[in-house]
Amino acid sequence: MDINFLDFEQPIAELEAKIDELRYVSDDNEININDEISRLQGKSEELTASIFADLTAWQISRLSRHPQRPYTLDYIQHIFTDFEELHGDRHFADDAALVGGLARLRGIPVMVMGHQKGRDTKEKILRNFGMPRPEGYRKALRLMHMAENFNLPVLAFIDTPGAYPGVDAEERGQSEAIAKNLFEMMKLKTPILCTVIGEGGSGGALAIGVGDQVNMLQYSTYSVISPEGCASILWKSADKAPEAAEALNMTAPRLQELGLIEEVIPEPLGGAHRNSEAMAQILGDALEKHLKSLQSTPLDTLLEKRYQRFMQLGQVND
Amino acid sequence: MSWFEKLIPARIRTDAKTRRSVPEGIWSKCPMCQAVLYRAELERTQNVCPKCNHHMRISGRQRLEHFLDADKREELNANLTAVDKLKFKDSKRYKERLSIAQKNTGEKDALITIQGEVLGVPLIAAAFEFGYMGGSMGAVVGEKFVRAANIAMQHKIPLVCFSASGGARMQESLFSLMQMAKTSAVLTKMQEQKLPFISVLTDPTMGGVSASFAMLGDINIAEPNALIGFAGPRVIEQTVRETLPEGFQRSEFLLSHGAVDQIISRQEMRQKIAGLLAMMMGCEAPPQEEILQPHKNDPDAENPEH
């Protein structure tokens, strides 16, 4: 069992392990087994394609939180140049669970920000598992206002289990911090382009998710509550998470069908974590394309459209 | 039956089952001080315990009944109902949960909006019905809130909302989350038009409702001892693995941490809000109304020097 692979990815892991072994052997020996390696590689790709062709919502939910999945800073490093991280909310602290700063996207100066999770235990704790406290949201808002002032578009990457549910977060007004962002983002006089890159967890995600366009990576999720949380409340058992994941309609293609997001950005075969460079290339292209179209829209039209985008969400019987 | 009970003649023997069946609806018990209270008296005090001043939960409709002036009331969008777009089903169908909630509360959804006056100050008042699926916010709540704000803007009058909600309605998934953005969005227009929005946070106001319009009042008011916060106390306890301090996430905690402007008792709500709104709208002060004091029968509470 390879811990870098999820259970349904294990057959791929086994095949990949075999290929690695053969490579090791072929380095040592004169015998040419390249044919065998490429045959196995073809097989591995086929296997991946067949497994990934029919994923359940629960499997996708777990992919969106895959330990190997690229995080905000990975994308910033691969897609952007001249990144200058800007720290702190100017009131209380710097929240490492939400990062942001100035950067260039293929030459265009932008304000980029996003939730940041950690890789190893130490970093996970530093990043608080990607769960911001109020100071994180206040830092994000400060950077957005700066972006507005200097006519820079805002690019937000969403990847969080949710806003941090802790005593200190409540003391410093977690609710107010989130609410304030929803309010201010709605009237921010500069384009806002949001992308869900992993886990779109409830209010903590929405707090940097009010934009002119909201796009999602193919295997990311966006939901009002985690499948586990939903299952334990409505089914009274966290074991029902797979059912809850299905019922919540949290996958990117489904949310696009429902008109809740604009575009699904395709991931490389086997998911973003199997080829993060290819993913960065695809994401970079998408960001550049959408950003140019948003920047060419007059500001008044943009703001009116942003307002209407949210007004029309949610059907009722009159 | 014990040997002792057998000794009692049958005609004075009381069956345990019949003994317990006190007629319902006449008496009520205060969950805070355990005082047994006369239901009619409670209705008069707006569900505030006359003994300990504990603010018990009150239905949305009853609240507005007490809050608004008796005449010139008009309910807005009373017939909006939910659409089960996702055909959501957990242990029960969402449709089923909706009809049970409708039957239990007599409301079509969790928010009631009424245009009217408070001490002659015209306004629109909204109140959550907590009994309707925990006052959860779905598309109907969001839409009714937005429409109420739009009508307020048409008439250039303020908006007051009494929140009592567990948060977003899970059965509407991401649509319910988006109501947070939608309700907050309409408040940006209220602000542009310089019309006041007063948010009254009552027990309980949590999750998606507290993290959106409920914290965005020009003035945020809390009722005494209401539970108000983002994450529920149980979730926090599980995360931090320690018991929470006494009074955590209660109105007094919010006031001392700077999240709300004032704590106002239910009896004073009409007078205070009418007074605040009249100042914000630049109108003359509304007339003084006699306020029902909870400790009227207790001379010591009135005059502590006694």
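Along the chain as shown, the residues are counted starting at 1.
Note: Cβ is positioned from N, Cα and C throughout, glycine not excepted.
Keep in mind it's a predicted model, so treat the numbers as computed, not measured.
Listed in TrEMBL:
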type	residues	note
DOMAIN	B:26-295	domain 'CoA carboxyltransferase N-terminal'
ZN_FING	B:30-52	zinc finger
BINDING	B:CYS30, B:CYS33, B:CYS49, B:CYS52	Zn(2+) binding site
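Everything TrEMBL records as a feature, shown here on the structure.
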residue : record              : Cβ neighbours (10 Å)
B:CYS30 : Zn(2+) binding site : 19
B:CYS33 : Zn(2+) binding site : 12
B:CYS49 : Zn(2+) binding site : 22
B:CYS52 : Zn(2+) binding site : 13
Cβ-centroid neighbourhood (8 Å) of the Zn(2+) site, B:CYS30, B:CYS33, B:CYS49, B:CYS52 excluded: B:PRO31, B:MET32, B:GLN34, B:ALA35, B:LEU37, B:PRO50, B:LYS51, B:ASN53, B:HIS54
For the zinc finger (B:30-52), the number of residues DSSP places in helix, strand and coil: 6 helix, 4 strand, 13 coil
Reported mean pLDDT - the zinc finger (B:30-52): 91
